[in-house]
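K.L.:
One structure is given below, represented as structure tokens, and several questions about it will come after.
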Amino acid sequence: MHLTLEFGGGLELLCGSVKTHSVDVKSEPGEHELKMRDLLSWTKSNLIKERPEMFMKGNTVRPGVLVLINDCDWELCGGLDTELEEKDVVVFISTLHGG
Amino acid sequence: MEDGNASARPRRATGRLCSICNQRKAALKRPKTLEQICRECFYSVFEDEIHSVIVDNNLFRPGERVAVAASGGKDSTVLAYVMSQLNCRHNYGLDLFLLSVDEGITGYRDDSLETVKRNEIEYGLPLKVVSYKDLYGWTMDEIVKTIGLKNNCTFCGVFRRQALDRGAALMEADKIVTGHNADDIAETVLLNILRGDIARLSRCTFITTGEDGPIPRCKPFKYSYEKEIVMYAYFKKLDYFSTECIYSPNAYRGFAREFIKDLERIRPRAILDIIKSGENFRIATSTKMPEQGTCVRCGYISSQKLCKACLLLEGLNRGLPKLGIGRTRGSNGVKKHVEHRNSNTEVSDSNLESKQCGTLNF
């Protein structure tokens with residue numbers, strides 16, 4: 001599945017200072033759909049190069065990291081259980097950096 | 001971003017309409033109210049709430065010259081943008097300008113100042129930059145070279161507070177506005193409780209401070225959630241800078257921050273509730289509070305003979321950088337420190353009114 005992932009608010013520093021990543025993610029064998037929880041662990045192992053604790057805490061994003069799927073707050077889409085679709089744009093923004 | 005195949009599959013957010021206009025697709029969930037609202041309604045409620053806070057608290061008077069403390073970070077960028085909008089829309093009659101402090105941190109502040117310079121042009125607000133080098137004779141880079149990476153945030157925080165005041169005075173400002181948001185204030189309430197700092201605990205929830213001084217400061221974002229500020233900046237595509245200060249962040253504040261964020265996830269109202277609790281603290285009238293005087297050297301407000309900045313500066317200039325680090329208790333604090341010149345290795349007296357090192361808000 002082709003997806004665009006964007007990192008902002010300082011999170012881009014965890015993945016080589018690259019803000020936008022165009023990626024192909026395969027869902028787990030035997031699973032048909034790709035959920036946000038799968039994408040998070042995929043992102044953690046494939047894109048995050050340093051300080052993964054700034055990105056995730058437990059099985060979800062670290063509190064203070066905002067997630068938008070196609071410019072919609074993921075809290076409205078179902079959070080970790082959101083099913084992703086082809087060409088979705090997922091944005092992660094940290095609010096934890098200074099203001 | 002609209003779903004083309006909405007009819008084919010009942011997809012996640014489709015069908016969820018904004019609970020205010022009932023017409024457009026909801027784009028975010030408000031932490032304050034848990035409402036699901038669209039972008040346009042979000043802009044309106046976010047700006048209207050700040051306007052109400054400004055009006056209800058009589059933050060400004062027409063004709064005032066107001067310095068927007070601008071670090072280039074998210075809060076101050078959104079603050080500059082919203083203040084400029086509201087000033088025009090509601091005829092506040094304010095003479096707004098951006099005020100930035102250059103701490104002299106290569107690779108950090110020089111980059112964020114570039115962001116502020118872009119804001120200057122975009123928002124049409126004049127910019128004034130005051131530097132540590134000009135005010136104190138030292139850049140943060142030089143200070144770190146001398147004292148290392150321990151306690152450097154104390155220097156930075158103390159110096160920044162005065163730098164903004166001095167810059168504002170130089171520019172003949174009547175007021176300073178800072179981008180402190182609800183999350184910051186809740187965090188400061190908790191920190192002041194943990195540290196048992198009663199004087200600051202009572203002050204930290206005030207929307208305006210320093211009213212008895214020459215240039216009061218106020219926080220129009222006192223009730224604005226960080227999530228909404230960041231969402232606002234994202235949707236409006238405001239240009240802000242978000243790199244962590246290269247000189248380690250303030251760990252103690254970091255713990256409080258993480259705790260607040262954990263609470264918010266469980267119950268978003270917790271942030272406003274903590275602010276409310278902070279506002280309701282009352283100190284027994286029998287409690288002896290430190291008296292506010294002025295620094296004998298520079299005239300800045302201080303409860304000691306020398307203000308913290310002068311004390312720290314004296315230490316730097318005399319090659320005793322630990323002077324002024326640690327708590328000073330009672331009016332003899334300064335004298336004791338100066339006489340003994342001994343380092344006090346207690347918890348460093350980081351400036352709790354300030355955010356972690358590198359940010360410009362107090």
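Cβ atoms here come from the backbone N, Cα and C positions, even for glycine.
TrEMBL annotations: computationally assigned, not manually curated.
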K.L.:
For the ATP site that TrEMBL assigns to B:A69, B:A70, B:S71, B:D75, B:G179, B:D184, which of the candidates B:V45, B:V101, B:V130, B:V144 is also assigned?
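P.N.:
So the ATP site in TrEMBL includes B:A69, B:A70, B:S71, B:D75, B:G179, B:D184 plus, from the candidates B:V45, B:V101, B:V130, B:V144, B:V101.
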K.L.:
Tell me, what is the mean pLDDT of the domain 'Cytoplasmic tRNA 2-thiolation protein 1 C-terminal' (B:293-323)?
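P.N.:
Across the residues of the domain 'Cytoplasmic tRNA 2-thiolation protein 1 C-terminal' (B:293-323) the model's pLDDT averages 85 on the 0 to 100 scale.
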K.L.:
Are any of the binding-site residues B:A69, B:A70, B:V101 near chain A, where near means a Cβ under 8 Å from a Cβ there, and if so which?
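P.N.:
Listed binding-site residues passing the 8 Å Cβ cut to A: none.
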K.L.:
Helix, strand, coil: count each for the residues of the domain 'Cytoplasmic tRNA 2-thiolation protein 1 C-terminal' (B:293-323), based on DSSP.
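P.N.:
DSSP classes over the domain 'Cytoplasmic tRNA 2-thiolation protein 1 C-terminal' (B:293-323) add up to 10 helix, 4 strand, 17 coil.
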K.L.:
So, in DSSP terms, is B:D75 (ATP binding site) helix, strand, or coil?
P.N.:
helix
K.L.:
Which is it, of B:A69, B:A70, B:V101: the one of these binding-site residues whose Cβ has the most other Cβ atoms within 10 Å?
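P.N.:
Most Cβ neighbours within 10 Å: B:A70.
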K.L.:
Taking every protein chain shown into account, which of the binding-site residues B:D75, B:D184 has the largest tally of Cβ atoms within 10 Å of its Cβ?
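P.N.:
Of the binding-site residues B:D75, B:D184, the highest Cβ count within 10 Å belongs to B:D75.
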